[in-house]
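To start, the structure itself, in structure tokens.
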Amino acid sequence: MSDMSTFDNAELLQQALSARRNAYAPYSHFQVGAVLVTAEGQYFSGCNIENASYSLTVCAERSAIFGAVSAGFRQFRKIAIVGGMTEEDARTQSCPPCGACLQVLAEFCPLEFPVVLADREYQLREFLPRQFRL
């Protein structure tokens with residue numbers, strides 16, 4: 001976590017690449033990093049953490065979100081996500097969030113929420129046009 005009041009996509013992608021280096025992915029070797037910006041301008045990073053029991057794996061996006069929520073934050077401005085088998089792949093190839101991560105993002109973020117990937121910035125609605133709601 002850092003306390004920065006301004007951010008841009010290139011900076012966020014660099015921070016996501018840095019978070020990716022902490023990934024624990026001994027099974028898939030697909031390392032993912034994410035950085036989430038709170039409404040207050042604080043950054044929370046996350047990485048994927050695999051488990052031999054695959055369903056217990058935690059994605060980078062949820063790792064970042066859960067860290068922010070655990071610290072008391074509930075409103076977010078933007079998330080950047082990178083992933084790949086190599087750092088070059090992570091820098092150049094789009095790594096969209098999985099369905100579980102999209103649903104968790106939708107719990108806290110509007111459909112216009114910016115999702116930054118290696119190729120461009122998207123809105124949450126482009127990945128999850130109709131989220132589950134109670």
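Even glycines carry a Cβ here, placed using N, Cα and C.
Given the structure is predicted, the values throughout are model-derived calculations rather than measurements.
Positions annotated as domain 'CMP/dCMP-type deaminase' by TrEMBL: 7-134.
Proximity of ILE49 (substrate binding site) to non-local residues of its own chain (separation of 6 or more, Cβ distance below 8 Å) is seen for ALA23, TYR24, THR57, VAL58, SER63, given in sequence order. What TrEMBL records for ASN48, ILE49, GLU50, ASN51, ALA52, SER53, TYR54 is substrate binding site.
CYS101 (Zn(2+) binding site) falls within a helix when secondary structure is assigned with DSSP. Positions annotated as Zn(2+) binding site by TrEMBL: CYS59, CYS98, CYS101.
Remark: GLU61 (active site, proton donor) has VAL32, ALA34, LEU36, GLY46, ILE79, ILE81, PRO97, CYS101, VAL104, LEU105 as non-local neighbours, by Cβ distance under 8 Å and separation of at least 6 in sequence. Among the features that TrEMBL reports, active site, proton donor is placed at GLU61.
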Which listed residue (ALA52, CYS98, CYS101) has most other Cβ within 10 Å, given these are binding-site residues: CYS101
Mean per-residue pLDDT computed across the domain 'CMP/dCMP-type deaminase' (7-134): 97
Cα distance (Å, whole number) from CYS59 (Zn(2+) binding site) to GLU50 (substrate binding site): 8
Spatial separation of CYS59 (Zn(2+) binding site) from ASN48 (substrate binding site) - C-alpha basis, Å: 4
